[in-house]
Amino acid sequence: MWKKFLNNIHTFLLLLAMLNIGYGAFLLSEICGYMITGLMLFMLAVYIDKTK
């Protein structure tokens, strides 16, 4: 179990970074938060599509 987690730790760190960026954007303003969250989800979808 730990080996699988350690092999995918970059994915876990990416999700944590996206969570922190989204939280920080929502602290600035609600509109900014939704825009940043949408852009991050779009970039994540493109990344997932290219890695498959």
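For all residues, glycine too, the Cβ spot is worked out from N, Cα and C.
Per TrEMBL, transmembrane segment is recorded for 5-25 (among others). Outside the transmembrane segment (5-25), and at least 6 residues removed from its termini, the chain residues within Cβ reach (under 8 Å) are 32-33, 35-37, 40, 44.
Sequence-distant contacts of the transmembrane segment (31-48), counting only residues of its own chain at least 6 positions beyond either end whose CB sits under 8 Å from a CB of the stretch, comprise 18, 21-22, 25. Annotated transmembrane segment per TrEMBL: 31-48 (among others), in sequence order.
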